[in-house]
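Enquirer: Before anything else, here's the structure in question.
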Amino acid sequence: MLANKTIAFLGAGSMAESMISGVITAEKMSPERVFVTNRSNADRLKEIHDQYGVCAMPQNELPFEEIDLFILAMKPKGAEEALRSIKDKLYPGQVILSVLAGITTEFMEEHLNAGQQVVRVMPNTSSMIQESATAVVAGKNTSMANVEMVKELLECMGEVYTIDEDQMDVFTGLAGSGPAYFYYLMENMEQVGVQNGMDEKTVRKIVAQTIFGAAKMVLEKEEAPTSLREKVTSPNGTTASGLEALRRYNGGEAITQAVEHAAKRSKEISKELEDALVTS
Ligand SMILES: NC(=O)c1ccc[n+]([C@@H]2O[C@H](COP(=O)([O-])OP(=O)(O)OC[C@H]3O[C@@H](n4cnc5c(N)ncnc54)[C@H](OP(=O)(O)O)[C@@H]3O)[C@@H](O)[C@H]2O)c1
């Protein structure tokens with residue numbers, strides 16, 4: 001049960017904060033069981049402590065043996081150093097979870113002692129409001145009980161999907177990086193509203209509600225987007241005209257390319273880290 005576990009975030013950036021916010025808001029863990037640390041930014045630790053009541057401290061002050069789950073939440077290039085810094089302090093029952101783009105379970109296992117349990121996950125920043133779409137992949141040594149514990153934690157932050165590791169790059173392109181594409185879309189829609197005389201605050205709400213409503217239709221009606229789109233497109237109507245412009249300006253291709261480029265970057269990060277390992 002998650003409530004009896006103790007977790008520690010190694011990294012106190014935006015992703016760690018989104019996850020901390022999710023778990024504290026869901027009231028599944030008491031803040032005394034949630035630790036957070038970073039490399040050097042003491043002001044940031046204080047800010048997170050003040051906001052969420054969690055235990056924030058330098059890494060060397062963490063009660064290491066009490067922690068059930070360590071969450072790597074630094075930039076991918078810092079993963080090796082972080083794994084090295086904890087490797088010999090860990091005992092076999094402790095689990096290492098990574099949220100880092102491109103860091104494979106194999107990479108983690110290779111940088112830890114034999115048999116160490118690892119889990120790779122990919123949340124997104126909507127964790128902050130319990131609306132993340134999060135993927136989970138367990139390493140080869142990880143017990144079912146620990147996978148369930150990790151899923152319980154991630155469910156505080158939204159919906160959880162178990163996927164194969166070879167799907168992680170595309171998942172990253174779709175859901176890890178996905179919120180930013182919708183923010184970009186919203187920025188552009190908002191601009192058109194403002195240019196046409198609408199108040200910025202109002203148009204922001206209108207655009208957000210429109211995207212939210214469309215997403216909710218897909219989820220609640222369990223209907224494919226293609227079918228929903230066809231239903232709302234009357235011949236020669238306004239929507240048909242808007243969609244025609246989207247096609248003319250290659251809107252579909254732009255979206256495909258965004259996902260594929262992000263997925264490719266995720267793959268490249270894995271390769272860069274492996275190459276650095278071979279040459280070091
Ligand atoms: N942002 C997203 O939407 C998103 C989505 C999914 C996954 N992710 C993944 O989440 C990770 C973190 O992203 P972010 O945006 O939160 O980064 P960020 O804001 O740059 O934060 C990185 C944090 O890691 C700390 N850190 C660095 N090295 C460390 C170490 N060895 N031990 C402990 N803490 C260390 C930094 O501390 P100092 O400031 O003291 O150096 C900082 O608090 C990335 O790897 C990314 O792939 C992000």
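The backbone N, Cα and C atoms fix where each Cβ goes, and this holds for glycine too.
The structure displayed is predicted, hence computed values, not measured ones.
OK, TrEMBL features for this one:
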type: BINDING; residues: LEU10, GLY11, ALA12, GLY13, SER14, MET15, ALA73, MET74, LYS75, PRO76; note: NADP(+) binding site
type: BINDING; residues: ASN60; note: NADPH binding site
Enquirer: Including all protein chains shown, what's the count of other C-beta atoms within 10 A of the C-beta of LEU10 (NADP(+) binding site)?
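Expert: Its Cβ shell of radius 10 Å holds 25 other Cβ atoms.
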Enquirer: Whole-number answer please: how many Å between the C-alpha atoms of SER14 (NADP(+) binding site) and the residue listed as 'NADPH binding site'?
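Expert: It is 22 Å, counting Cα to Cα.
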Enquirer: Give the distance between the Cα atoms of ALA73 (NADP(+) binding site) and ASN60 (NADPH binding site), rounded to the nearest whole Å.
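Expert: With the alpha carbons as reference points, the distance is 17 Å.
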Enquirer: Where does LYS75 (NADP(+) binding site) sit by DSSP, helix, strand or coil?
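Expert: It is coil.
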Enquirer: Among residues LEU10, GLY11, ALA12, GLY13, SER14, MET15, ALA73, MET74, LYS75, PRO76 annotated as binding NADP(+), what is the maximum Cα-Cα distance? Answer in Å.
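Expert: About 14 Å separates the two most distant Cα atoms.
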Enquirer: Fill in the CA-CA distance, LEU10 (NADP(+) binding site) to the residue listed as 'NADPH binding site', as an integer in Å.
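Expert: Between the alpha carbons of LEU10 (NADP(+) binding site) and the residue listed as 'NADPH binding site' there are 11 Å.
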Enquirer: Below 8 Å Cβ to Cβ and six or more residues apart, same chain only. Which residues does that give for LYS75 (NADP(+) binding site)?
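Expert: Long-range Cβ contacts: LEU100.
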